[in-house]
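Working notes, beginning with the structure itself.
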């Protein structure tokens, strides 16, 4: 039996769902909400209950019922006695219906207008109330008046809730005119048991009273019914609109499908005509027929599979006895989906049956006359370059006997043979190593002869220590550089530029100490002219000879400046004669070298020296092209804590600009800032100009070449490639153990090493220190430089020193506070210096202390045993007398008997009489005991000696 939901019943009878739920509960049905379901019989019972519209008791007053509206339930309570008062309870509406209230008030006003003389009769009624007839009437009248006042109060409260109007105005309407209009009806229905006695002379008659609550409830129910009918009408209109919209949508969809089908038919017809045209042009019908057969077979296979699937499903259905309804629904959905899928497949199959689109012919391209190839090009790359199909090239290679695919690399010979077959001239591409900076210094063909201009000469000042090199530069620059140098010697290269007679001269100041040989050689390699300073009082010194050799090796002209001619012992002629022995011959003697006698301290003949420099530069014809990208050499490099790597560069060709991508040695970067020799920021540097730059990712080596690249990407690639090559070269230089050097390697393991970590302010000082320390010769000990770098001593250096048991040497640098604290904690030694030869001396002493000490025996004295005493639990005590030297408590002794040493050991005790003493002198007597020896005899000789350490020289 089917079921109905309560909200469906409410919709059917035009009632609210809440009323239907209440009626169902009243009838004893187990329902919870409007969504609850009831049986068909229960539904009919609910509908019939609404149609009957159950009435109250006969004795109770009833309200007027509108058509098809259920009367609200009214409960009447009667009181017996003289008062005869009735109490009426009316179910309150759930919500106020203002429209119903307005209609009720309109009806009341219309009834009031129809009444004649309402105001006059009401006045008489008021006067009648004031005239009581007798005691009984007054008593009953008082009671009725009291009851009426209570009724009026209740009526007023009901009217305030219903109409939200003035209670005073409502009182007149309800009590006056409405009572007269509905007097007969109220009396007939018996709503009111109390009669209004005011203004009447019949105190015992009972006039009916209007039940306004019931009236309002009836109006409310009528309005609800009207609203339900309107809602149902709107709902049916909406449903009809939806149905019409759905029909319109389906019609539009069918029209679109029809148009699409027509378009597909036109397309199929066009494709069919194209296929017929192509079949006429094809010479071979066999291939077309086989293709069609294959397509028909492919179409037949799915049908066969579907038939097999259908039969298998029927068999399964026969075997299965019962099917679940839910499974049937799901299978039905799947079957519909498969049906749609088959339809789509059918469309695709239909499209596959149509002829394929004609292949557009490739546009013809002329073959190039020349083809530049590289080793290892693939077939696809060659085809793209000559604008041919890869399959065509593969075919040609196959005819040539070469099996290749389009992604296979070909060698140069195969590519040349292939190009000959095509009639193209093949040329191998000359690959340029972008990471090779040295090619710019070896080949100058990239320079433009039209842009070559004269450049400033680069002059290097060389000479022995304290011969006046820095003093000369100080005089030239009018600055005090020499006073800032530690120990009066120059520690690293300084590059400066001065102007003389409108022309610029760049000076490089090189150190004169023996440790800076590599720096002097580097200075000579970048210079144009060398000024060799020789002190007139000292003459030629070892570093002077070294500077001469460097200049000759670099092939640069030499100008000799004989300095300190103001000193009393100056002898310039001796200097000229000594230099002649090394091939430096003055022009006065018929040579090619210019000699100038100067006094750098007193600024004597300085102008003459500068004029000589400009004259030699003019003879050398120094030229440069400032328009090309800059190249040059690193003069010095250091690491700054705030700025990072700082490199002093000497521009040799081109112009260096800020933001230029640059490769310096094995590192790369971009020129972030540029500072000249005066400490001023500049935006560009022309040839022969020294500048300091920042922006490198690492600190380069002094003497490295640099070059500016077109973009940062190329500079990065070149820098990384150079760094990779340097690392590979370093690994190749690692010594491998072989049978030939196995003995030397094992022997080297016996040599003690002093591990050092070098940190300096500039790269040149690092190189000089490392080279000098390695050259220290102490037999059995060598220096091992664990790490060397520029910059302050940091925590990582201390950690490395602790791990390798090394000493940290700081040259013109200081440790950070954190590094100093860590060094104190880890007990790592840090030595700070500013003069190089003191570093060398200190390390040499440490190397000597590393060797095992060498001891030499020293005899202190001799003694003769005069008497022996044997003491139990102690041993033998020998009484002796010193015959030579002395015997000490901490000395070793030998027991000699018959000129044969029978024991060698330590003294256990030494006494003079009963006192323990440290030594017994010559011609004194005493007693002694020897450790682990009790075989002392009279006349044994006791020889006392010690081992002394020999100081190494």
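Backbone N, Cα and C define each Cβ position, glycine as well.
According to Swiss-Prot, the feature GTP binding site maps to 463-470, 509-513, 563-566, an assignment based on sequence analysis. Following the DSSP three-state reduction, the secondary structure of residue 469 (GTP binding site) is helix.
As annotated by Swiss-Prot, compositional bias 'Basic and acidic residues' applies to 80-89 (among others).
Annotation source Swiss-Prot lists compositional bias 'Basic and acidic residues' at 98-111 (among others).
If you look up Swiss-Prot, you'll see 140-188 (among others) marked as compositional bias 'Basic and acidic residues'.
Among the features that Swiss-Prot reports, compositional bias 'Polar residues' is placed at 191-207 (among others).
The compositional bias 'Basic and acidic residues' feature in Swiss-Prot is assigned to 229-247 (among others). Remote same-chain partners of the compositional bias 'Basic and acidic residues' (229-247), defined as residues 6 or more beyond its termini with a Cβ less than 8 Å from a stretch Cβ, comprise 11, 14.
Residues or ranges marked as compositional bias 'Polar residues' by Swiss-Prot: 282-291 (among others).
Marked as compositional bias 'Basic and acidic residues' by Swiss-Prot: 300-317 (among others).
According to Swiss-Prot, the feature compositional bias 'Low complexity' maps to 322-338.
Taken from Swiss-Prot, the feature compositional bias 'Basic residues' applies to 339-348.
Residues annotated as domain 'tr-type G' in Swiss-Prot: 454-623.
Annotation source Swiss-Prot lists region 'Disordered' at 52-247 (among others).
Residues or ranges marked as region 'Disordered' in Swiss-Prot: 279-363 (among others).
Positions annotated as region 'G1' by Swiss-Prot, on the basis of similarity to another entry: 463-470.
Here Swiss-Prot flags 488-492 as region 'G2'.
For 509-512, the entry in Swiss-Prot reads region 'G3'.
Shown for the compositional bias 'Basic and acidic residues' (98-111): DSSP residue counts in helix, strand and coil, namely 14 helix, 0 strand, 0 coil.
The most crowded of the binding-site residues listed here (463, 466, 565) is 463, judged by how many other CB atoms sit within 10 Å of its own CB.
Secondary structure from DSSP puts residue 463 (GTP binding site) in a beta strand. In the region 'G4' (563-566), helix, strand and coil residues by DSSP number 0 helix, 1 strand, 3 coil.
Counting residues of the compositional bias 'Basic and acidic residues' (229-247) by DSSP class, helix then strand then coil, yields 19 helix, 0 strand, 0 coil.
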